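Taken verbatim from Swiss-Prot:
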BINDING   Ser57, Thr58, Arg59, Thr60, Gln84, Arg108, His135, Pro136, Thr137, Gln138, Cys275, Leu276  carbamoyl phosphate binding site
BINDING   Asn169, Asp233, Ser237, Met238  L-ornithine binding site
Amino acid sequence: MATSLKNRNFLKLLDYTPAEIQYLIDLAINLKAAKKSGNEKQTLVGKNIALIFEKSSTRTRCAFEVAAFDQGAQVTYIGPSGSQIGHKESMKDTARVLGRMYDGIEYRGYGQNIVEELGEFAGVPVWNGLTNEFHPTQILADLMTMLEHAPGKTLPELSFAYLGDARNNMGNSLMVGAAKMGMDIRLVAPKSFWPDEALVTQCREIASVTGARITLTEDVEEGVYDVDFLYTDVWVSMGEPKEAWAERVSLMAPYQINQQVITATRNPEVKFMHCLPAFHNEHTTVGREIEMAYGSKDWKLLKRFLNRPTLLFSMKQKTGCTPLKR
């Protein structure tokens with residue numbers, strides 16, 4: 001039976017079945033191939049899409065805009081300072097108004113409850129471009145990238161380790177995605193940075209049906225052994241105060257992905273992924289502030305790892321992730 005997701009919200013992966021998630025990944029792969037060959041057919045001509053960004057963005061905004069334009073849709077970007085949302089107008093009222101003007105709405109912002117409310121009252125499909133709790137569109141891109149870089153394998157045959165802050169929206173979403181798709185995921189982090197226990201329990205229940213393997217560990221060598229992919233994210237998420245940096249850097253330093261971690265996988269074909277942005281040098285404002293405050297010892301190790309001539313970046317069109325292949 002054909003899969004139809006017409007008029008469905010996409011707020012979190014927990015709302016979707018494994019078959020529906022696989023359908024979206026396959027669709028993205030086919031659209032990407034069609035664009036590359038010059039045969040993409042526009043199916044959204046005459047449609048209008050609102051992009052609400054209460055948090056700033058580079059890749060997510062560009063991905064939504066380019067994808068919409070490629071499919072023939074028009075977009076309206078509503079930035080952090082360009083609307084009355086949350087100031088003079090509630091999200092419920094905003095949803096009702098925009099739902100009458102637009103055919104779909106993307107939201108990137110704060111609490112998951114906000115995008116859920118938007119989805120409840122808009123009357124048109126709403127897509128989650130990131131909340132504090134989840135980042136489902138990023139996970140679709142990540143799973144697609146994994147398949148592209150593991151030819152001949154299916155998602156249940158793949159394993160990956162996520163190192164760092166596993167309680168953030170990426171840790172949460174990767175765990176959900178892996179559970180849904182029957183994958184082997186290892187969340188490698190200090191115990192205080194593991195995902196919420198209720199979500200872990202929910203994912204383990206899903207895994208009991210899909211065959212997924214979920215491991216939470218503080219031991220880096222145990223967590224990364226024989227994985228196909230290593231994944232990490234920034235240690236300090238958007239909106240977190242600078243006062244949190246010192247403790248975070250101290251706690252996360254052992255979970256930095258560097259050459260030692262690559263070697264510990266014992267997999268010569270392991271690949272590295274980062275959802276970006278990444279602070280790996282002093283070439284950004286935040287990077288300079290961190291280096292001035294906490295030094296560059298660990299970064300220098302990372303620079304040598306990233307600059308090795310046998311490593312190369314391969315940005316994947318419409319995925320938002322960067323694999324590094326040895």
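The backbone N, Cα and C atoms fix where each Cβ goes, glycine too.
The secondary structure of Asn169 (L-ornithine binding site), as reduced to three states from DSSP, is helical.
Its Cβ placed at the centre, Asn169 (L-ornithine binding site) has 23 other Cβ atoms within 10 Å. The Cβ of Asp233 (L-ornithine binding site) lies under 8 Å from the Cβ of Tyr162, Gly164, Asp165, Asn168, Met170, Gly171, His274, Cys275, each of which sits 6+ residues away along the same chain. If you take the Cα of Thr137 (carbamoyl phosphate binding site) and the Cα of Asn169 (L-ornithine binding site), they are about 12 angstrom apart, rounded to a whole number. Cβ neighbour density within 10 Å is lowest for Arg59 among the binding-site residues Arg59, His135.
Secondary structure from DSSP puts Cys275 (carbamoyl phosphate binding site) in coil. Remark: of the binding-site residues Ser57, Thr137, the most isolated position is Ser57 (fewest other Cβ atoms within 10 Å of its Cβ).
Here the Cβ of Cys275 (carbamoyl phosphate binding site) has 25 other Cβ atoms within 10 Å, regardless of which shown protein chain they belong to. For the recorded site, Thr137 (carbamoyl phosphate binding site), the DSSP three-state label reads helix. Rounded to a whole number, the C-alpha distance linking Arg59 (carbamoyl phosphate binding site) with Asn169 (L-ornithine binding site) is 16 angstrom.
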